[in-house]
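Have a look at this one before I ask anything.
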Amino acid sequence: MARNGSLRRNTAKVFIFLISLFVLGALAPLPSVSQRSSHFHFDKVDERKFEIARDMFWKDGEPFRIIGGDLHYFRVHPEYWEDRLLRAKALGLNAIQTYVPWNLHEPRQGHLVFEGIADIISFLKLCKKLDLLVMLRAGPYICGVFDGIKVDSTSKFLDMSGYWNQNAFRLTITFSPFLMIVEWDLGGFPAWLLAEEPAIRLRSSDPAFLDLVEKWWGILLPKIYPLLYSNGGPIIMVQIENEFGSYGNDKAYLHYLVKLARGHLGDDILLYTTDGGARETLRKGTIPGDAVFSAVDFTTGDDPWPIFKLQKEFNAPGKSPPLSAEFYTGWLTHWGEKIASTDATFTATYLEKILSMNGSAILYMAHGGTNFGFYSGANTGSNEADYKPDLTSYDYDAPIRESGDVDNAKYKALRRVIAKYSTEPLASVPPDNEKIAYGRIKLDKVSFLYDMIGMKDLVDVVESENPISMEAIGQMFGFVLYASEYNPKGNGSVLFIPKVENMGRLNYGPYIFDRKGILSSVYLDSRPLYKWKMLPIPLQNLNEATQINPIILNAQNFLNDLPGKNCVLEPAFYTGHFSVDKVGDTYISFRGWSKGIAFVNEINIGRFWPSVGPQCNLYVPAPMLRQGENTLVILELESPNTDLFVSSVDHPDFTCGPTRSTLRKSREHRLLSS
């Protein structure tokens, strides 16, 4: 009896001891990743492994905190990838997060591009070389928005100029679309998806859409498989979709993507979703169980820990390390807005609120870069008509600026915070790259845009009873000439609508199915017009070979002086040359010009629109230049600088915008359109 009583007392003591351990463990903060107590270690393993357990990330059997940043390979010149990654590493980052834009890699159906700025494999290998882990956001959709920022998207910005009976008149019609948060055309979907018949439903379990996704991932995922962490590569996690909970509730679609990813990548890779830190978005965008980790994002300035507590409800027990997958270091800017900026101290303070309690964070953006070519997207404001196209610059007020500069308050403030919580000393900070002002560049008008049309092979003309979209005629970017016969009062004439411009497709929301061009019947004098002819006017995009750009080549070589027409509101090409002794980064200032596209040495450096602002200057990285003579070609869509010059300067400028005269012209155009 005495022995039994003693046993009961000992058993009770052990039980109370275990209860106390449980209570203390439940209330204690997350263990520090720098803590090396064997209580928190897995058994050492020889294989490389990145996993989640005990509400922490574990790398090769050791607790690990992710302090990462978004840096997108497709927004940086390939020769600058290493430069920007080294600056990210010196900031204290141990991981790089990047999207994979489907439209960059398959701009035309079946035409695959994995070279140049699209050489994702070389970028990933470079991350491995620099000892940076990678979180790969494979899509197929790469844009999104969290609750609290209303950005749906659909865009039909038509800028149309017409001629009737040789009497020039200008007709400007502006329909309004929508924009979103990665600011990339159509959320990374290739525009040719919009030409599929019958129309497919993007971001859904529509079998036709899933079949195309399966083909795309069947190309992409086998390429990245050798670069998974378990295979010796840098990729520790792969994201499924992006902020889907802010868009839809199609769980079958998400489960299909998980099955597809597992089929190509295996069961060891961590898959994850990212959704806004609200119950409704997490409910719709996450995948129950422990097959997929659910990360969150939220506004910088929100208290992170109640959101991380909510995050745990959407992960399996012990599988919810607190991770802000998009900690916003700045914000995007649209044409016509004041340049966005956020306070450095404020941003650093809220990062420390996460790191001080052993949370993980990904800076969005660590380095924004540039939307070269035609790939900048668009958002919408309060309604469908409030179309907001994105700037060419994707500086984002990030700590590593568009040109790679790090000598700024935000980089220093964030680096001080990160250094406090890093397990290793930070690398030294590289100096800013030199920027060079090459001075004034005199330009000559070489041709009106419509003069160049006669140089094109008219076999490209598409005929249709009614106007059809740009995508339907195989023209994904640039411009299309629309023409139809018109008989005013019995006199036959031709109505031209020569400049239908794609300013960027919407990236997000119910209007994402954003075809471009003339999408409905056209009426004149209350009568519909039929028998349309459509001529594509292709201009080289970011990932296209220069030899497919005959219009720009002709603009460089075909001098056709047209005196007295310098200020005519008609699209025209202008070309100039500038000499470079020492190659360095520069900016082209378009102050005094209106709106258009610029090419340096046949490379599309993006759109300019200083008459609306705020961006005045386009960034030209040094690798785009060469010693000796360099060529600049401008397509000005409205009115040029009367002195016909631009300037190469050594600094960015976001102070442009409408003047009283441009506002008056804008009002006049609206009157002509009514």
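Positions of Cβ are set from backbone N, Cα and C atoms, glycine also.
Note that TrEMBL annotation is computational and uncurated.
According to TrEMBL, the protein has these features:
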ACT_SITE  Glu243  active site, proton donor
ACT_SITE  Glu326  active site, nucleophile
DOMAIN    57-144  domain 'Glycoside hydrolase 35 catalytic'
DOMAIN    172-420  domain 'Glycoside hydrolase 35 catalytic'
DOMAIN    500-537  domain 'Beta-galactosidase 1-like first all-beta'
DOMAIN    571-630  domain 'Beta-galactosidase galactose-binding'
For Glu243 (active site, proton donor) and the residue listed as 'active site, nucleophile', determine the Cα separation and express it in whole Å.
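So the alpha carbons of Glu243 (active site, proton donor) and the residue listed as 'active site, nucleophile' sit roughly 11 Å from each other.
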I'm checking region-level scores; what's the whole-number mean pLDDT for the domain 'Beta-galactosidase galactose-binding' (571-630)?
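The average pLDDT of the model in the domain 'Beta-galactosidase galactose-binding' (571-630) works out to 97.
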Please list, for the domain 'Glycoside hydrolase 35 catalytic' (57-144), how many residues fall into helix, strand and coil according to DSSP.
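Per DSSP, the residues of the domain 'Glycoside hydrolase 35 catalytic' (57-144) fall into 33 helix, 23 strand, 32 coil.
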